[in-house]
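Sequence annotations record features per position, and here TrEMBL assigns domain 'tRNA methyltransferase TRMD/TRM10-type' to 1-235. Under the heading S-adenosyl-L-methionine binding site, TrEMBL lists Gly119, Leu143, Gly144, Asp145, Tyr146, Val147, Leu148.
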Amino acid sequence: MRIDVVTIFPAFFDVLEVSLLGRARGAGLLDIRVHDLRDHATDRHRTVDDTPYGGGAGMVMKPEPWALALDEIATLDEGEAADAASGPLFIFPSPAGERFTQATAREWSAEQHLVFGCGRYEGIDERVFAYAATIGRVRLVSLGDYVLNGGEVAAMAMIEAVGRLVPGVVGNPDSLVEESHEDGLLEYPSYTKPASWRGYDVPGVLLSGHHGRVAQWRREQQIERTRTRRPDLLAD
Ligand SMILES: Nc1ccccc1-c1cnco1
């Protein structure tokens, strides 16, 4: 999988050189390229924002630098201009976006080419999304109902959630199964040695060696946790 990121803070993504995703890059499983939007500005001051039409506080990101960046990315490898169907999946983190879930991560993990466009200021000129839809598919996506200063943190979270599902990235694929949200439920509690620690004991069933009872207890814990912490997941 190839992942491009467009941002005015490219150094923010240096962390993708380390840990699991860093190893995946080294192994050629993930081809992650970070682009500075200012490299596509059209003036010597490398301007990427301007005042909003209609007034209001803050600044809006200019459309032309974005179109130049997305054009370059959409044609960099393919050699010719992409069209909407054959082009990349353009993902713009946005508080006005659809909700990102584990199902979204699974869906995107099958894609060949993702492009994350990280907006700042009051957002990106809306016409950029219309233009991007002529050279690829476009999704505006929210991580949740809270306000961030820009798309970088959200993009990082989504890159990790998607990247770890790419075959080969996580050593033991079994560990991808028993996780929160993989089966629509929160995961069960985990314990390790010692069996008794500062007066806290591991639940006896986990020491029983009876796999059937352990599996039942874990399922009961998943359902109880989901019912008390995330009843919305049970409503679906
Ligand atoms: N608040 C934001 C501002 C800019 C870009 C993304 C977001 C966002 C994404 N998910 C929640 O918020």
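Including glycine, each Cβ sits where the backbone N, Cα and C put it.
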For S-adenosyl-L-methionine: widest Cα to Cα gap among Gly119, Leu143, Gly144, Asp145, Tyr146, Val147, Leu148 in Å: 17
Number of other Cβ atoms within 10 Å of the Cβ of Leu148 (S-adenosyl-L-methionine binding site) across all protein chains: 14
PLDDT averaged over every residue in the domain 'tRNA methyltransferase TRMD/TRM10-type' (1-235): 94
Neighbour-count leader, CB within 10 A, binding-site residues: Gly119, Gly144: Gly119
Residues that sit under 8 angstroms from Leu143 (S-adenosyl-L-methionine binding site) by C-beta distance, when 6+ apart in the chain: Pro93, Phe100, Ala154, Ala157, Met158
